[in-house]
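As recorded in Swiss-Prot, the features of this protein are as follows:
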type: BINDING; residues: Gly46, Ile47, Ser48, Gly49, Gly50, Gln51, Asp52, Ser53, Thr160, Lys189, Thr211; note: ATP binding site
type: BINDING; residues: Asp52, Glu165; note: Mg(2+) binding site
type: BINDING; residues: Arg140, Lys173, Asp180, His260, Lys261; note: deamido-NAD(+) binding site
Amino acid sequence: MTLQQQIIKALGAKPQINAEEEIRRSVDFLKSYLQTYPFIKSLVLGISGGQDSTLAGKLCQMAINELRQETGNESLQFIAVRLPYGVQADEQDCQDAIAFIQPDRVLTVNIKGAVLASEQALREACIELSDFVRGNEKARERMKAQYSIAGMTSGVVVGTDHAAEAITGFFTKYGDGGTDINPLYRLNKRQGKQLLAALGCPEHLYKKAPTADLEDDRPSLPDEVALGVTYDNIDDYLEGKNVPQQVARTIENWYLKTEHKRRPPITVFDDFWKK
């Protein structure tokens, strides 16, 4: 088995999907989890205005709506969390995503004060954060807020990780990568677009250039620039297609060096890191 085949198998990626079937699969997955653990009353998700959180948010609200109708349990809710750092550059996109999702509840937590306070505390301990590490601080502060909200609403935190993100480890460890349940896991980027199109999402929310937008020195840096490959390249690779050798090397290098991000903390029983 080639490394490409191993990666595809590990991430559960498929070369083709039926959008309606995958929507149903994710919604049923969320419903089944909530029914298995009836003490869970809320799904909590940060909404950025990008493709992934818009899709995950819509699926969450659909699952909650169906469960309330089927069970009569009105205590169930989906909480969409706005988590700007100061003023968000694509604020209108975020508002458009909220309008599309129609969440039960919307909370806004501006993380700038908390990030600056943490940075100052570290500075007083003689640790000066680089712009890149400050970006990770933002991602972790966002997740911290979501877990506090989940803790106070008997909830779980929903993630947006999918195959095209997991393959490169393009997330912050214990930031946006630290979640409870990931309904998009298995899909690549273009497949996520297919689901949003089937759901009637405004096109500009999934046709915009994806960006983590964590770095102050490089605001709205496109993911594809940071990664050195395009999502079309990544999606082709995940679909088992032949890609240029340099593209394959770049993708596989990202996969191998970020393996620790896709695993629990390493123990004496693990040996993957010895490869």
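Keep in mind that glycine also has a Cβ here, set from the backbone N, Cα and C atoms.
Note that this is a predicted model, so its numbers are computed, not measured.
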Discussion item. Quick check on the binding-site residues: of Ser48, Thr160, Thr211, whose CB has the lowest count of neighbouring CB atoms inside 10 Å?
Written reply: Thr211
Worksheet item: Record lists Gly46, Ile47, Ser48, Gly49, Gly50, Gln51, Asp52, Ser53, Thr160, Lys189, Thr211 as binding ATP; longest Cα-Cα distance in Å?
Response: 19
Item to complete: Would you mind reading off the Cα separation of Ser48 (ATP binding site) from Asp180 (deamido-NAD(+) binding site), to the nearest angstrom?
Response: 18
Worksheet item: Where does Thr211 (ATP binding site) sit in DSSP terms: helix, strand, or coil?
Response: strand
Discussion item. Using only C-alpha positions, which one of Glu165, Lys173, Asp180, His260, Lys261 is spatially nearest Gly46 (ATP binding site)? These are the binding-site residues in the record.
Written reply: Asp180
Discussion item. What whole-number Å value do you get for the CA-CA distance of Gly50 (ATP binding site) and Glu165 (Mg(2+) binding site)?
Written reply: 14
Item to complete: Among the binding-site residues Arg140, His260, Lys261, point out the residue whose Cβ has the most other Cβ atoms within 10 Å, with all shown protein chains included in the count.
Response: Arg140
Worksheet, complete the sentence: Nearest by Cα to Asp180 (deamido-NAD(+) binding site), of the binding-site residues Asp52, Thr160, Glu165, is Thr160
Fill in: Candidate with sparsest Cβ neighbourhood (10 Å radius) among Gly46, Gly50, the listed binding-site residues
Gly50
Discussion item. Let me check the 10 A CB neighbour count of Asp180 (deamido-NAD(+) binding site). How many other CB atoms are there?
Written reply: 16
Worksheet, complete the sentence: CB contacts under 8 angstroms to Asp52 (ATP binding site), restricted to the same chain and 6+ apart in sequence, sorted by sequence, are Thr160, His162, Glu165, Leu184, Gly192, Pro210
Worksheet item: In sequence order, which same-chain residues at least six apart have a C-beta under 8 angstroms from Lys173 (deamido-NAD(+) binding site)?
Response: Asn136, His260, Lys261
Fill in: Alpha-carbon spacing, Arg140 (deamido-NAD(+) binding site) to Thr211 (ATP binding site), which is rounded to whole Å
17
Worksheet item: What's the longest C-alpha separation between any two of Arg140, Lys173, Asp180, His260, Lys261, the listed deamido-NAD(+)-binding residues, in angstrom?
Response: 18
